Number of protein chains: 2
Amino acid sequence: MQLRMTNQREIILRVLRSNKQHLTADELYDVVKKLMPRISLATVYRNLEILSDAGMIGKLEISGRQKRFDYDPSDHHHIYCAVCHRVDNLPDNCQGVKQKDLGRVRGYSVTGYRLEIVGICPDCQALEEKEKKGDE
Amino acid sequence: MQLRMTNQREIILRVLRSNKQHLTADELYDVVKKLMPRISLATVYRNLEILSDAGMIGKLEISGRQKRFDYDPSDHHHIYCAVCHRVDNLPDNCQGVKQKDLGRVRGYSVTGYRLEIVGICPDCQALEEKEKKGDE
DNA sequence: ATTACTGCAAACGCTTTGCAAATAT
DNA sequence: ATATTTGCAAAGCGTTTGCAGTAAT
């Protein structure tokens, strides 16, 4: 089964890449719909799955919530905001994360690991500041 | 709002603790239903949420799949099997994981982190060995 | 010409919710 | 007595799928 570069697929890829965020399927759908009003949400889902299987984009399955898709398919870590759920890429040289050599833990053969750091992003910190002031 | 120790809640807690696995809501429901046939799945969901909010059990939200609940609410990491999705607790002294002092990465205020190690559990390794032999 | 892909609508799996009745405090 | 909790059924959400038609190779 060879991939065909349909208009839909091309636009989905272009939007994801130019947007440079970690969008969910429906966020992406909202943007794409403006460029191609008749596209269906199912097409977006299907293409995101196909593109990530093909290694052209990354798929983020973070902790029980909606999947997000990453314009950057290379191996890297993420940081996400506990408040607004936005996700950012983490710099490669993030130390203390290189223990793939955890080796065999509890008899498991370790094939990979995922480090998720939870925090509050600058924007939400600012918002919280504002709210605090509003409450006074 | 103070917690009431209903029969339902007590049984849910007891099953989770005695089972000592990381069960999903419906796995737990299946077990509990044998002891209390008229209990509803919604009650199980509600109680698991309440109990984890109260810090009496832990909630595991792993990568886009079903939530699992942990009899042990203390802070620790998990290892899960990429094949059968079973989850085990990780020993505390797992080194290289103590970098809560990643500090302020990208302007985020870091409130926590989650390390998910992906591997294949002993049982599944054994099964794969068997299958390999079967294929020959 | 062939076969991957599309849009639509309907179904899916897991989880949450509104309600009136039941029960723990 | 009074609030929390229950069971039920229905709705919710994100996602997937069957289908007949459309379009890329």
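Yeah, the Cβs are placed from backbone N, Cα and C, and that goes for glycine too.
TrEMBL labels come from automatic prediction, so no person has curated them.
These features come from TrEMBL:
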{"type": "BINDING", "residues": "B:C81, B:C84, B:C121, B:C124", "note": "Zn(2+) binding site"}
Neighbour-count leader, CB within 10 A, binding-site residues: B:C121, B:C124: B:C121
DSSP-derived class (H/G/I helix, E/B strand, else coil) of B:C121 (Zn(2+) binding site): coil
